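Submitted below is the structure of interest, expressed as structure tokens.
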Amino acid sequence: MRKIYIFDTTLRDGEQSPGVNLNTQEKVEIALQLEKLGVDRIEAGFPAASPGDLAAVNAVARAVKNATIIGLSRSRTQDIDAVREALKGAEDPCIHLFLATSPIHRQHKLRMSKEQVLETAEAAIRYAKQFFSKIEFSPEDAGRTELDFLCEVTEMAIRAGATVVNIPDTVGYMTPVEFGNIFKTLREKVPGIEKIQLSAHCHDDLGMATANALAAIENGAEQIEGTINGIGERAGNTAIEEVALALETRFNYYQAKTTLNLKEIARTSRLVSKLTGMPVPGNKAIVGANAFAHESGIHQDGMLKEKSTYEIISPETIGLVESKLVLGKHSGRHAFREKLIDLGYELDDEALNEAFAKFKDLADKKKQVSDEDIRALLEEKLVDTPEVYRLEKLQVAYDNRSVPSAVIAVNVQGEGVKEQQAEGNGSVDAIYNAIDALTGEQVELEDYAIKSVSQGKDALGEVYVVLGQNGVSAQGRGLSTDILEASARAYIDALNRLIERRKSPRRRDRMSLI
Ligand code: KIV
Ligand code: ZN
């Protein structure tokens with residue numbers, strides 16, 4: 001079988017999505033799930049961006065045992081040294097060097113001639129070769145680079161010691177035929193091409209990232225770079241789950257496969273969405289909430305008669321199991337444990353007790369607790385952030401002819417419970433004003449989103465907020481059957497994360513990726 005290697009860059013290019021800023025613990029949590037998913041390579045970050053980024057890459061490098069861990073580097077010795085430092089302790093380290101090669105980038109960004117680009121990249125690869133046996137080189141904006149020059153750059157990279165040459169369509173400009181042709185040409189024209197792996201890295205600006213990645217595979221790419229849920233700069237990157245499922249479902253056409261554990265896809269998608277605070281659109285291929293929903297009568301009729309009429313992938317393939325056991329307020333520990341096993345969670349006794357207490361609490365408020373509710377409860381606190389502030393009580397007064405007001409009681413670490421009242425334009429605004437007054441924190445609400453976890457009037461509501469302060473931002477989540485309480489919890493969660501982030505800032509200067 002022809003194997004396609006999966007290079008996951010959720011923690012690097014994915015983290016470059018506007019508004020996303022993962023802390024070290026969150027990065028490790030995602031990396032461990034990517035390891036379970038079975039990705040071959042994990043790009044953990046850009047160590048030269050800041051000491052915090054370097055530390056986060058190092059934490060991933062030490063935690064993950066079954067995937068190559070990669071650090072991104074410009075073609076500069078300081079960056080290469082930062083990657084060396086960050087990858088200490090990695091079982092299987094690799095450096096990813098890049099330098100732009102297209103005429104637009106050479107002229108306007110780098111102000112370098114073709115010769116200077118070749119010399120700079122070669123010097124960087126040769127320097128890195130002293131410390132790394134695995135080196136990936138990316139001619140940035142390869143898609144818009146003259147094909148002859150791209151062949152020259154690739155030949156140089158192979159001579160200098162690269163083991164993978166990655167072809168990025170940095171701005172998502174290529175069409176599948178054009179992008180495929182680059183791979184065909186490199187395979188035909190570059191001496192020594194058989195010594196290295198060719199890789200494709202696509203962006204989705206014109207909605208063609210997955211199609212371009214598949215075209216690359218058809219023309220000889222052995223590795224695909226992408227992210228979970230397709231997150232990333234601007235319109236995002238190739239979605240790994242889309243490539244994996246296209247190869248799986250259309251094996252008769254592509255004759256190639258990944259070695260991903262496809263049953264981990266749904267869980268990985270949920271985790272990335274939660275920790276990045278980026279909701280997955282309902283109609284997103286493979287992992288969207290509607291990907292397996294059949295609405296029209298004709299489709300439902302077809303499905304009942306024979307699933308293959310309208311379903312080309314079964315939800316079970318990506319690990320979406322609907323367990324038959326229905327839980328409610330009379331369900332006991334045993335049934336709850338069985339449900340968790342059904343849903344694929346392994347919890348130790350302490351975690352089980354904690355989850356069971358939360359479940360009982362929810363079952364008192366809801367008639368039936370759905371699988372989605374249970375997943376949301378279990379994944380609510382995926383990463384333990386020290387709680388400087390903890391919500392104790394919330395009271396809101398609203399009538400549509402007067403100014404809404406809120407009273408909030410918060411347990412402040414080391415100071416005990418404090419109470420504060422405030423008014424606002426709406427109930428949520430009043431709550432947030434009360435929290436601001438109580439904590440004295442000057443923050444800006446950069447984003448607020450609300451989503452229902454399951455169906456029905458008593459559904460759990462999940463609120464995401466992003467708070468900003470002096471250029472540092474943090475996202476928070478809150479879960480409750482009451483959306484006002486979920487809103488308060490999300491805000492307080494984001495505040496706690498912001499305080500944690502202030503201690504070890506990972507301020508990434510996007511301009512430094514030049
Ligand atoms: O899109 C791009 O060109 C990149 C490079 C750093 C590989 O992300
Ligand atoms: Zn990219």
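Just so it is clear, glycine is given a Cβ too, placed from its N, Cα and C backbone atoms.
Curation does not apply to TrEMBL; its annotations are automatic.
So TrEMBL lists the following for this protein:
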BINDING   Asp13, His201, His203, Asn237  Mn(2+) binding site
DOMAIN    4-266  domain 'Pyruvate carboxyltransferase'
REGION    390-514  region 'Regulatory domain'
Using DSSP, what is the helix/strand/coil residue split across the region 'Regulatory domain' (390-514)?
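Secondary-structure composition of the region 'Regulatory domain' (390-514): 37 helix, 51 strand, 37 coil.
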Just to be sure I understand the contacts, which binding-site residues have a Cβ under 6 angstroms from any atom of ligand 1? Candidates are Asp13, His201, Asn237.
Asp13, His201
Across the region 'Regulatory domain' (390-514), what does the pLDDT come to on average, as a whole number?
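Summing pLDDT over the region 'Regulatory domain' (390-514) and dividing by its length gives 89.
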Find, for the listed binding-site residues His201, His203, the residue with the lowest Cβ contact count at a 10 Å cut-off, counting only other Cβ atoms.
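Taking His201, His203 as the binding-site residues, the minimal 10 Å Cβ count falls on His203.
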Taking the centroid of the Cβ atoms of Asp13, His201, His203, Asn237 as the Mn(2+) site, which other residues of that chain lie with their Cβ within 8 Å of it, listed in sequence order?
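Here the non-site neighbours turn out to be Thr9, Pro168, Thr170, Cys202, Ala209, Glu225, Gly226, Thr227, Gly232, Glu233, Gly236, Thr238.
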Within 10 Å of the Cβ of Asn237 (Mn(2+) binding site), how many other Cβ atoms are there?
32
Counting across all protein chains shown, how many other Cβ atoms sit within 10 Å of the Cβ of Asp13 (Mn(2+) binding site)?
25
